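Engineer: Input: one structure, supplied below.
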Amino acid sequence: MAKIINIIGREIMDSRGNPTVEAEVHLEGGFMGMAAAPSGASTGSREALELRDGDKARYMGKGVLKAVENINGLIRDALMGKDATAQAELDQIMIDVDGTENKDKLGANAILAVSLAAAKAAAAFKGVPLYAHIADLNGTPGQYSMPVPMMNILNGGEHADNNVDIQEFMVQPVGAKSFREALRMGAEIFHSLKSVLKSKGLSTSVGDEGGFAPDLASNADALAIIKVAVEKAGYTLGTDVTLALDCAASEFYKDGQYDLSGEGKVFSANGFSDFLKSLTEQYPIASIEDGLDESDWDGWAYQTQIMGDKIQLVGDDLFVTNTKILKRGIDNGIANSILIKFNQIGSLTETLAAIRMAKDAGYTVVISHRSGETEDATIADLAVATSAGQIKTGSLCRSDRVAKYNQLLRIEEQLGEKAPYNGLKEIKGQA
C-alpha cells in the first residue's frame, strides 16, 4: 500500500508573478510527488473556484494562504493513511470535505495541487513514469499517442496589451512525422515570425503565453502575417501546417453582440459565426476555440451547423471541463471538441471523466495549459496517457511553456513507436 504519511502545501509564484498553490504528498518508503495549480486569465464563469485571500495589502489580494492552510489542515487530516494509488477515492474524499458545487470551501487550486501530487507520488511508488500511471487510472494501460501541438505564436485579447481582439493565433504542424519534428517546425515558424514582424517595424514583445503581441489593423492581418512567416520558414500552409484560433469570444461579448473593438466591428451571434467561416475560406484554419460566448447556446448551434462538419469547434469556456455541461453539449450537438483544463474542474479523476465522455461521444480532446503557469509539466503526461491527440501549451518561448514541450520530447524518446504522432488525423473534420 502506498500509504500517505504527510501532505504539505505552500504558496509559490506563477508565470505572471501571482501566487499559486503547490503541494507535496509523501508516502511510506520515501516516495514523494509534488505538483502546482495553474491559473487562467480568460476564465469561464462556471469554472471551479480558485480560492484567493482577498487581502489587498498582500499580492493585491491574490495571495493563496487560505488554500495552503486548507491543504495543511483539512485535506491533510482527511487523507493521512490513505492509499495514494486509489486516486478516485482520494479525490472523492476531498470533494466531500469541500461539500460545495464548485469547490469554494477548500478551493479548486488546493484540491487540484494535492490530486496531482498524489498521482505523482503513486507513480513513484509503482516505479513507473507519470504517463503510465495516468493511463492505468484511465483504464487504457499501454495505449499512448503523441499530441499535435497548438502553438500560440501571436497573442491578443486578455493575453496581451494590444489591439488584437482574437486571443490566440496558433499553428499546428500536422505534416510532421514525429512530435520532435513538429516542435522543430513550430520553433522555426516562431523565429521566422519574429523576423517578419521586425521587417514591418512591429513589436516583438510577447504576451502571457510567449506569442508575439503586435498592434495590427485587423484580426485577418494576423493570419496574413503568419502565412508569410510559415512560408518564410520553408513550409506550406494547409499541408505542412494548419492554423487554429482561440477567439475567447466571451471576453468581447457585450449586450448580445460581439464587439471587435480593435477593428471597429460589431456582429450578431450568427454574423460573427459567418465572419469566422469567411476566415476559414481564406486561410487553412482547422480549429476554432470558443468562437462564441459561453452562454450563447443558440449561436453555438448555428456555428456548429455551418462549420462543424469541416472545422474543429472547441468548447473551453463553453464546457469548462465539466461533464454535466459537456453532456448537455453532446445531447444538443453543440461543438465537436473539448478543451481540457485541470483547474476548471479541480481534480484528476474528474478531468479523466470529462476526457472519456468526450471521446465516447466522438468529440476530439485538446489538453491545455493556463495563461498563468508554472514549471509543472503534468499536462504533457496527461496528453500522452489519454491519447488525447492534441495539446495547447503556448509558444516556443518562456520556460513555463517550453517545460511541457521538453517533457513531451522525453516521453517520445522513452516510448518510441509505442506513441505514434498522427498529425492531421487527430483534428476533427480534417482526417
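Heads up, residue numbers simply count up from 1 along the chain you see.
Note: Cβ is positioned from N, Cα and C throughout, glycine not excepted.
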Engineer: Given that Swiss-Prot annotates GLN167, ARG370, SER371, LYS392 as (2R)-2-phosphoglycerate-binding, name the residue from LYS194, LYS341, LYS418 that shares the site.
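Structural biologist: Of the residues offered, the record points to LYS341.
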Engineer: Among GLU263, GLU289, GLU294, GLU350, which residue does Swiss-Prot annotate as binding Mg(2+) together with ASP246, ASP316?
Structural biologist: GLU289
Engineer: I want to check the contact list for GLU289 (Mg(2+) binding site): same chain, sequence separation of six or more, C-beta distance under 8 angstroms. What comes out?
Structural biologist: GLU168, ALA244, LEU245, ASP246, CYS247, ALA248, LEU313, VAL314, GLY315, ASP316, LEU339, VAL366
Engineer: GLU209 (active site, proton donor) to SER371 ((2R)-2-phosphoglycerate binding site): how many Å between their Cα atoms?
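Structural biologist: Distance (Cα to Cα, whole Å): 6 Å.
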Engineer: Between GLN167, SER371, which of the binding-site residues has the fewest other CB atoms within 10 angstroms in the structure shown?
Structural biologist: SER371
Engineer: By the DSSP assignment reduced to helix, strand and coil, which category contains SER371 ((2R)-2-phosphoglycerate binding site)?
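Structural biologist: SER371 ((2R)-2-phosphoglycerate binding site) sits in coil per DSSP, no helix or strand.
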Engineer: What are the sequence-distant neighbours of LYS341 ((2R)-2-phosphoglycerate binding site), meaning same chain, six or more residues apart, C-beta distance under 8 angstroms?
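Structural biologist: Sequence-distant Cβ neighbours: PRO38, GLY40, ASP316, VAL320, THR321, SER368, HIS369, ARG370.
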